[in-house]
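Asker: Copying in the features that Swiss-Prot gives for the protein in this structure:
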type     : residues : note
TRANSMEM : 7-27     : transmembrane segment
TRANSMEM : 64-84    : transmembrane segment
TRANSMEM : 88-108   : transmembrane segment
ACT_SITE : ASP118   : active site
TRANSMEM : 128-148  : transmembrane segment
ACT_SITE : ASP136   : active site
Amino acid sequence: MTAFRSGLIALLATLALDQASKLWLYFGTDLVMTQPWRLAPFADFVVVWNRGVSYGLFQQEGGLGRWLLVAVSLAAVIGLSVWMRRAGSRLLAVALGLIVGGALGNAIDRAAYGAVFDFVHLHAGPWSWYVFNVADAAIVAGVVGLILDSLRPAPRAPSTDVAGNGGHPQA
């Protein structure tokens, strides 16, 4: 399987899991009326509509801000997809696929509802993490993959020594 195909599978799986989880939790359950749902002592399902970007930054109430964020997301998707198509390693392609799938999932929410549906809340005692969704988790995992790929040694280029002299000039 090519690196690109692996990245494409990661992209499509991320997008499908993200949208399915959001649609099921919002339209297929009574979470909106009965939240929070306690999953574990440190995790709940809740309903949060994020009108901003990561960590709730740049909250947008108006239509222009909403569509500007959709446009920026789609521009990033295009650029990262081109990079994924040219990726030289499976790790890089999968990392980019996770990021693109997550960005598309959140852009779909923003275009359809005016905000991103976040629902996973992790906490322990007084500590509380921001509320996120499958797309956000995939984006973070993709960034970790990008970092790991950047730390890998570059593959050595094959020797171009045709003359058999070890690459040294002739005397």
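Every residue gets a Cβ built from N, Cα and C, even glycine.
What does the local environment look like for each feature on the list?
Answerer: Here the transmembrane segment (64-84) has long-range neighbours at 4, 7-8, 11, 51, 53, 58, 92-93, 96-97, 99-100, 103-104, 106-107, 110-111, 114-115, meaning same-chain residues at least 6 beyond its ends whose C-beta is under 8 angstroms from one of its own.
DSSP assigns ASP118 (active site) to a strand segment in the three-state reduction.
Reduced to three states, the DSSP call for ASP136 (active site) is helix.
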Asker: Taking the Cβ of ASP136 (active site) as centre, how many other Cβ atoms lie within 10 Å?
Answerer: 21
Asker: Please indicate, using numbers and ranges, the residues of the same chain that are 6 or more beyond the transmembrane segment (7-27) and have a C-beta under 8 Å from a C-beta there.
Answerer: 45, 47, 84, 87, 90, 92-98, 100-102, 104-106, 108-109, 117, 119, 133-135, 138
